[in-house]
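A.B. asks: I am attaching a structure below and will ask some questions about it afterwards.
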Amino acid sequence: MRTSVNRYVVTRPLYTEDAFIKEHEKVHRQHKTMLDHIKQYLTCDGKRVRNALLSLLPIIAWMKIYRLKEWLLGDVVSGVSTGLVAVLQGLAYSLLASLPAWYGLYAAFFPVIIYFFLGTSRHISVGAFPVLSLMIGVVVNRMVPENGPPANITAFEGLTMNEQRAIVAASLTFLIGIFQLAMGLLQVGFIVIYLSDTLISGFTTAAAAHILVSQLKFIFGLHVQGFSGPLSVIYILEGVFGQITSTNLHDLVTSIVVMVVVLTVKELNERFKSKLPVPIPIEVIMTVIACGVSYAFSFKEYYVTSYNKNAPMAPDLQVFRETSVDAFPMAIVGFAVAFAVAKVYSIKHDYVIDGNQELIAFGASNIFGGAFRSLAASTALSRSSVQESTGGKTQVAGVLSAMIVLVVILALGFLLEPLPKSVLGAVVIVNLKGMLMQVCHVPSLWKKDRPDCVVWIVTCVASILLGLDLGLAVGLGAELIAVVFRTQCPRCCVLANIAGTDIYRDRKDYTSIYEPEGVKIFRIPSPIFFANIDFLRGKLIDAVGFNPLRVLRKRNKALRKIRKLLKKGELTLMSDESTELPANISVPPVDIHSLVLDFSAVSFIDITALNGLKMALKEFIRVDVEVYIVACDPYVFEKLKSCEFFDDEIKTSIFFLTLHDAMLHILQINPPLKKHEQSFSVLLLYM
């Protein structure tokens, strides 16, 4: 007869926390004080300098392992392919920022150079990001409206509208970089964890809707006033459909043709990506064709703006003051998206990225780019996908893509001047497909996690109707409420023993269970704090079937009545303990003798909850219910000790190492309750 290897037998003593600590001595560790941490942080030696240098300049680490023969060709092919895409996307995303098309090219060059030295991701393509460009465009339109006077900024005097807008965008980019650099130096890269994937998905979907609406005027060839703030989408749509009869057929036909062709070829690229050495650069091909057609037929009135030489500029402090509130959420969004994309590729290619260093890299990149009139840099998933899928191994591909952009800026820019804005608008809309299709995931998200789905919907709807800045704030609020709801109203349950094992599960989920008579096991599946202690007490009362405080009050009331009856001689005590209570006296029954609280999921407890828990336990103890707490985290147990939780009624001996230890102890000292046990005998104990 063979013995199954999937069984185990353990023989050990039954442990309370006290017994376990007494038998197994703990290591007493010396915890560092705040002063110790400060001294360690300020201590400088050769090793720390070397590590700091490697951390600040990640290029040193990956350049040392660069495989020239294996990686260089892939980086070259990837750099050229990504550069072509970056040129077109840079031109297109400038329109979202309400700037002349050339300013987007600067975002594909200046920030890339800095990120090459400071960034930890080897695969993301740094440059303009449509959502960030649109958020910048909202600020640009507010400070330099198309119809109306600009903001009262001294630097605006004597400048054209486009030059004023360039100052706003560049200063805003510089300020975004300052915020990101400061957060990186302060080591607060963890802040991105508060932007969940669900929130980012809902936010970017709403941003895609804003982008789509903003490009309609280029698709239809209309002159529609720009709007910003709440309901701006509604106002823009109203303006577009109010002028729909003035549609320019050249622009409309061009846009439709470009969108159909680009979408079709992109689908073919995706379907046959395993057979194609590199994706077909259809956007570039269509751009060249559109430029040729536009030049041949002299569509000058529909050209993008002419190219202007770029020169360094100092940011404007007045613009800083006007845009500081806008810059901070942009800094968070730009970093969060870039970090999310970088994390995907770091996992795929098995290397580590550093959130704080990424903040420093993007901060320095945007400061440098802002000084050269660049748009704020982040990354676009489609562009990063091209860089990675065409064989890019390191940021050498990024630098090569920047060189392609530089060639266009310095030598080939004039060839793109005949490019119609409708083509750029069509390219922008086609690249929104991935973000817009996120809406298809909502039904499955509803089935998997309804609170998360509500966060998605609230974030998306609020961002569409109220604007991206207020929408992001509303989304964060919804996410916080969802977290509070989950922790404030956790799913508590009553556990039962799975017959023949030492395993305990929710009694509603299994049929083969064993529940000792007179014992309730209540599981608390969350931390206990001020916001959920009352909820947990209510659930505990529901689980045991009675309110111990009400029972105690009823008992005391019954005792007073009995004393009066005895004093009047209307009631005589018999020696028989089964004496019935008088008909006019009733006491709620207590059907349990032991209550076990499973603390295995309780990671912390605050002072308010501690006091509430102590009061609840005493209420049960005072109605003769033995209370036990099991699987308590050692640090929670130590906190209970330090906060004077224990006294004459609540002792450390009620804490057991495991749930099964407590159950064995209960069964040893408490045989099952007798079915006909009378409540009057219990009352006598109080006399």
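Count begins at 1; order follows the chain as displayed.
Just so it is clear, glycine is given a Cβ too, placed from its N, Cα and C backbone atoms.
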A.B. asks: So which range, 72-95, 528-551, 600-623, gets flagged transmembrane segment in TrEMBL?
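C.D. replies: It is 72-95 that TrEMBL annotates as transmembrane segment.
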A.B. asks: Flag the pair the transmembrane segment (164-183) / the transmembrane segment (422-442) as in contact if three or more Cβ pairs fall under 8 Å (sequence separation 6 or more).
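C.D. replies: Stretch pair does not touch.
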A.B. asks: Would the transmembrane segment (278-299) count as touching the transmembrane segment (218-237), i.e. at least 3 C-beta pairs under 8 angstroms with sequence separation of 6+?
C.D. replies: no
A.B. asks: Could you pull out which residues elsewhere in the chain have a CB under 8 Å from any CB of the transmembrane segment (327-347), counting only those six or more residues past its ends?
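C.D. replies: Long-range Cβ neighbours of the transmembrane segment (327-347): 120-124, 126, 129, 131-132, 135-136, 172, 175-177, 179-180, 183, 189, 191-192, 195, 197, 200, 203-204, 353, 355, 358-359, 362, 366, 376-379, 381, 384, 388, 469, 472-473.
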A.B. asks: Which one, 190-212, 359-376, 422-442, 454-485, has the most C-beta pairs under 8 Å toward the transmembrane segment (278-299)?
C.D. replies: 422-442
A.B. asks: As a test: from 72-95, 101-118, 396-416, 454-485, pick the stretch that has the greatest number of Cβ pairs under 8 Å with the transmembrane segment (359-376).
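C.D. replies: Between the candidates 72-95, 101-118, 396-416, 454-485, the best contact partner of the transmembrane segment (359-376) is 101-118.
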A.B. asks: Can you tell me which parts of the same chain pack against the transmembrane segment (72-95), counting only residues 6+ beyond its ends and a CB-CB cutoff under 8 A?
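C.D. replies: Tertiary neighbours of the transmembrane segment (72-95) are 101-108, 125, 127-130, 133, 214-215, 218, 278-279, 281, 283-284, 287, 304, 375, 380, 382-383, 386-388, 390-394, 396-405, 408, 416, 419, 421, 424-425, 427-428, 431.
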A.B. asks: What stretch of 101-118, 190-212, 249-266, 422-442 shows the most Cβ pairs under 8 Å to the transmembrane segment (396-416)?
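C.D. replies: Ranked by Cβ pairs under 8 Å, first place goes to 101-118.
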A.B. asks: Counting only residues 6 or more past its boundaries, what in the same chain has a CB within less than 8 Å of a CB in the transmembrane segment (422-442)?
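C.D. replies: Distal contacts: 88-89, 91-93, 95-96, 101, 130, 201, 204-205, 207-209, 211-212, 215-216, 218-219, 221, 248, 250-252, 254-256, 258-259, 262-263, 266, 283, 286-287, 290, 302, 304, 380-382, 453, 456-457.
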